[in-house]
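**Q** Below are the features I grabbed from TrEMBL:
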TRANSMEM  52-71  transmembrane segment
TRANSMEM  83-101  transmembrane segment
TRANSMEM  131-151  transmembrane segment
TRANSMEM  163-181  transmembrane segment
TRANSMEM  193-215  transmembrane segment
Amino acid sequence: MGSTVIDIPDGETVAAAPKERKTKKFDSCCLANINIISFLREKKNRHDIKKVIHSIKVGIALVLVSLLYLLNPLYNQVGDNAMWAIMTVVVIFEFFAGATLSKGLNRGIGTVLGGGLGCLAAAFAQAVGGIGRAIIVGISVFIFGAAATYTRQVPNIKKKYDYAVTIFILTFNLVVVSGLRAEEVLVLARSRLSTIVMGFAICIFISLLVFPIWASDELHDSFVSRFQDLARSLEGFSKEYFADITEKEKKSSANYFSSCKSILQSKPKDESLVLFARWEPWHGKFGFSYPWRKYLQLGEELRDLATIILSLKGCLKTPTQSSEALRQSIKEPCEEIVSSLAWALRELGESIKTMRKCRSEDAIVPKLKSVRLELSLIMTPSILGTNLEKADGLGLASLVYSLMEMVEKMEELAKEVEELGELGGFHKNS
């Protein structure tokens with residue numbers, strides 16, 4: 001009788017290999033998620049430390065300005081007007097140094113203009129006397145109040161000088177309607193202005209010299225992190241799209257796309273930080289003429305790119321998703337394409353972080369051109385076959401079209417970063 005020998009150990013080895021590969025893939029995915037979570041926690045901790053520092057600085061400023069009340073020699077000089085110094089600290093001390101400087105100067109401009117015009121109107125009303133005094137006060141309050149309120153609705157003024165206009169209206173009405181004589185108004189305005197200047201000086205001294213929190217650093221670092229977030233989102237989508245069914249059950253696209261959603265909502269914050277950064281003095285690596293407005297254009301490009309990456313989420317849904325066989329046939333070239341796009345994003349972010357001119361013409365643009373060529377090769381009849389009119393082909397076409405859009409947007413983004421390097425005086429790569 002013949003016999004057949006079955007090598008069971010070898011069979012066990014062959015069967016175990018795919019499981020080991022799946023385990024390694026799952027472990028690498030878990031490690032990536034852990035790294036993202038730890039990065040977010042570290043970022044949150046740094047922001048919490050800044051909050052504590054800001055709170056301590058405000059407390060120190062309030063203690064210093066309270067000395068105007070606590071010390072008799074100082075109180076004898078300023079009297080009850082010391083209250084205005086305390087109010088100034090409470091109102092103008094902001095989280096960022098640029099915001100404090102902006103609000104302080106706005107308060108000074110509004111106080112000086114409102115007090116000066118109020119004194120003139122009060123002096124004129126006092127000279128007329130009688131019932132004409134009340135008429136002049138009423139007319140002046142109406143004209144200046146209405147005109148100032150109208151200017152608050154002008155977009156550029158509202159964005160930059162809204163607080164100054166508010167203080168102008170308040171100060172003008174307090175001075176005009178006070179009913180004091182002209183000479184008493186001048187004395188009161190001078191004493192109050194001096195205490196406001198004291199409060200402003202204390203705020204600026206502590207904000208700029210004691211552990212300053214710069215809006216420019218916050219803006220700069222936030223843009224660097226956005227490039228990293230978009231690269232991680234793109235890589236996360238690629239891993240989930242080309243994973244098999246068992247791996248997809250263990251993954252969630254929420255972590256990958258949450259950063260894209262936050263980028264889409266970043267415009268108001270960017271505009272505020274740019275406004276505050278332009279008020280800040282020369283510090284560190286940022287000079288007086290640094291092109292902060294260029295960051296607004298970069299933000300628009302990044303939001304467009306985040307929109308395209310979010311649109312890829314539709315490719316993960318079952319009705320529009322390509323079949324397993326078709327996805328596996330394009331897995332290798334698509335993963336290389338995604339890897340190239342993520343590399344380009346990180347290169348652009350690193351260029352901004354280190355303030356060195358990016359190699360857009362030498363490395364990034366040629367890389368994007370090769371990606372465009374690879375995408376055109378994917379959409380060939382040999383790969384699509386007869387699936388073009390089916391859901392498989394449509395899902396793949398949607399994916400490739402989104403990637404092509406991404407390449408075009410990244411070419412524009414590379415140009416913006418290069419222009420930022422030219423205007424901001426970035427160093428050349430050694």
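A Cβ is built for glycine as well, from the same backbone N, Cα and C atoms used for every other residue.
Computed from a predicted structure; not experimentally measured.
Quick one: where do these features end up spatially?
**A** Sequence-distant contacts of the transmembrane segment (52-71) (same chain, at least 6 residues past either end, Cβ-Cβ under 8 Å): 78, 82, 85-86, 88-90, 93, 95, 195, 198-199, 202-203, 206-207, 210-211, 213.
The list of residues near the transmembrane segment (83-101) in space but at least 6 beyond its ends in sequence, with Cβ under 8 angstroms from a Cβ of it, reads 50-51, 54, 57-58, 61-62, 65-66, 68-69, 107, 192, 195-196, 198-200, 202-204, 206-208, 212-216, 218, 273, 275-281.
Distant neighbours of the transmembrane segment (163-181): 103, 105-107, 109-111, 113-115, 117-119, 121-122, 125-126, 137, 140-141, 144-145, 148-149, 151-152, 157, 188-189; these residues of the same chain sit at least 6 beyond its ends, with a Cβ under 8 Å from one of its Cβ atoms.
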**Q** State the residues, same chain only, that lie 6 or more residues beyond the ends of the transmembrane segment (193-215) and have a CB under 8 A from a CB inside it; answer 'none' if no residue qualifies.
**A** 50, 53-54, 57, 60-61, 64-65, 68, 78, 81-89, 92-101, 104, 107-108, 111-112, 115, 273, 276-277, 280-281, 283-284, 286
